Amino acid sequence: MKRALPFILLLAGTAAMYLLMPYNLAFATRILVMGIFVLSIDLVLGFAGIATLGQAAMYGAGAYAAALFAAHAWAEPVAGLAVGAAAGAVVALLSGLVLMRASGLTLIMLTIAVAALLAETANRARDLTGGADGLRVAFGPVLGLWEFDFIGQTGFCYAAAVGACVLGLLALVARSPFGLSLRGLQSSPARMAAIGAPVYPRRVAAYTLGGAIAGIAGALSAQVAGLVSLETFSFTLSAEALVMLILGGTGRLWGALLGTVLFMFAHHYAAAADPFNWLFAIGALVMVVVFVLPGGLLSLPGALKGGRHD
Amino acid sequence: MSRKPLAALAAVTLGLAAGQATADEIRVGVVAPFSGPFALYGTQFRQAIEAWQATHGTRAGDHEISFVYKDSGGVNPDLARSLSQELVIRDRVDVLAGYVFTPNALSVAQLATQSETPVVIFNAATSAINAESPFFLRTSYTLPQVSAPLADWAYAQGIRSVVTTVADYGPGIDAETAFSEAFTARGGAVTDTIRMPLSTTDFAPFLQSVRATGPEAVFVFLPGGPPTFAYAKAYAENGLKEAGITFLGTAETEESNLQALGDGALGLHTAYHYSAAHDSDANRAFLAAVEGLGDDAAPVNWASVGAWDGADLIYRMVEAAGADGRAAIEAALGAEWESPRGPVRMDPESRTLVQNVYIREVTRNPQTGLLENAETGIIATVGDLGWKD
């Protein structure tokens, strides 16, 4: 029962968003998409300890792949998600084969470089991607049944369903032997190697899985917005998602979701209240959380009980 | 069309909760960057709108008009779309406006069509945008609209060989294409096409190679801001002016950067649709209205005039059609008025303004001692030359 509690809370939260913000489903949908993206970083960074600031490479690859697939092959969104996931996984696998041999600052720099290379490639391939103008694509109805409407009901329900699948998958991965070995890698790669765990293949596998999930998030954002731009590869996106993860607490799936919701709401309401100076509020929020709760919001109950930080 | 009943249903069910506008209040949602490196656009939009409301009141016909602002940051189509969606559905705006970047404008095409909300684009300058929704109207300009007349003018001045130097991104390449096509169609020769990285501010190598090629003129297109400034400086320092290579630009000498360029900018030629130094009563009234806002008034340039004319157009639409989106578009098409930039007309086909393109030269105003873009003639009165149906 205790295991299921967070899932029930999450379901209730999603339903509440739908019912309480019926006029604001576009925003609620962005939270869901961002949540999936932050989960992918949580898997890579929080679980496997792979420091990355270039997760947007896979997000953008997924977005462009889904859009191009819809434009030239089949406009059905769920098939597009699969294509997006495959594109994210392929980019992560190919770059991961090189990147996972590096660590620390080198690794961070290389992840940023991969995203920048892809952004420039998409910029150059104007005939295919529309370059800086972006690529506008009309997606068909989800599973041939539900058309995307401008109020955003279809988009929201679709994103919620995809989010639930991704979360369920990651919850399984986190408790599997594979997930546990990733945690081991994060704590001490040397000891993992000593007990015979294949460090490098595991890291590549984790990076690839994270890439597939980021690709799903990217594809979803393309489908909901009907447009892909070069910004899907941007450093800002990777960095903002990382801030969300740190706010919530790394290494836990709930932390990723909590951080995303908190950041997006703070951003939305601060920007609505004062569109000119809202960045102050975000800066203050991040500083308070990082100073007072270095383990993120999820460490709040522990900190209140007196001490356990992780 | 099938979405209309859904929209009506949503309006009824959500109206109470969402603080609905009074019956004859028309709301306009402005989506633009109000934070980050492009915040100046947002400031200029807001000030132009405030200046318009200060001089023309808040009523158009029987309707009260109010503006709501949303910060889209930089290029961010996801955010621009969700903010626009929120404006239409929750804030119940009847008109959307603003949009600085092409992807941001493109992202609301479907929303505009489905909800039948007119969108008045104050800036985004790629021709292709307006083809995406019949509810798009544009009060700025498009790149071919100013680049092609500049090529014609250069040819008429006896210039026969040009090197083009543009920033290597979408709008830069559009400008290069429009200029080259117009110039070679006349019989001129584009001897070299140089594309420069978008983020560079060191233009000396490019300009030295231009100088070595020895054309009669150099065409340039760069995004506003530090690159423009660095380019104009490098043009002066590398002796291109002394070598007799004429500078042919568009927005490079725009007003928010102009004073910082200093004497190096004197004599630079640009073709553009608006100069703050435009000699007309409408422009003087516009400048006085913006200055009337007080000390923090931002420099007035094409972005301000796009928002001012946008407000003008919105007032016309609301007066004629109230909250009816389709009728509002009908009312806007073919509308003519005297803008601070000169006479303008909303082209019914491309839904972009038909306007004068002026050739200007940077001079120092003897009275104020400030640099300005002195207009030395009208070289074309054209609509969107890049429009393809």
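Quick reminder: no glycine exception, Cβ is built from N, Cα and C everywhere.
Bear in mind that TrEMBL entries carry predicted annotations, made automatically and left uncurated.
Through the fold, the transmembrane segment (A:31-50) approaches residues 14, 17, 58-59, 100, 107, 156, 159-160, 162-163, 166-167, 170, 173-174, 179, 182-183, 185-187, 202-203, 206-207, 209-211, 213-214, 216-218, 220-221, 224, 238, 241-242, 244-245, 248, 250-253, 255-257, 259-261, 264-265 of its own chain, all at least 6 residues removed from its boundaries and within a Cβ separation under 8 Å. Annotation source TrEMBL lists transmembrane segment at A:31-50 (among others).
Long-range contacts of the transmembrane segment (A:81-100) within the same chain, counting only residues at least 6 positions beyond its ends with a Cβ under 8 Å from a Cβ of the stretch, are 50, 57-59, 61-66, 69, 107, 110-111, 114, 118, 162, 200, 203-204, 207-216, 218-220, 222-223. Per TrEMBL, the feature transmembrane segment maps to A:81-100 (among others).
When Cβ-Cβ distances below 8 Å are used as the criterion, the transmembrane segment (A:107-125) is approached by residues 50-57, 60-61, 64, 91, 95, 98-99, 131-132, 230, 233-235, 238 of the same chain, each at least six residues removed from its ends. Residues or ranges marked as transmembrane segment by TrEMBL: A:107-125 (among others).
Residues or ranges marked as transmembrane segment by TrEMBL: A:150-173 (among others).
What TrEMBL records for A:204-230 (among others) is transmembrane segment.
The transmembrane segment annotation in TrEMBL covers A:242-266 (among others). Nonlocal intrachain contacts for the transmembrane segment (A:242-266), taken as residues 6+ away from its ends with a CB within less than 8 angstroms of a stretch CB, comprise 6, 10, 13, 27, 30-31, 34-35, 38-39, 41-42, 45-47, 53, 55, 167, 170-171, 174, 183, 186, 281-282, 285-286, 289-290, 295-299, 310.
Here TrEMBL flags A:278-300 (among others) as transmembrane segment. Here the transmembrane segment (A:278-300) has long-range neighbours at 243, 245-250, 252, 254-255, 258-259, 262-263, 266-267, 270-271, 308-310, meaning same-chain residues at least 6 beyond its ends whose C-beta is under 8 angstroms from one of its own.
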Inquiry  = How about long-range neighbours of the transmembrane segment (A:150-173): same chain, 6 or more residues beyond its ends, C-beta under 8 Å?
reply    = 10, 14, 17-18, 22, 25-26, 28-29, 32-33, 35-36, 39, 42-43, 77, 81, 141-142, 179, 209, 213, 216, 220, 223-224, 253, 257
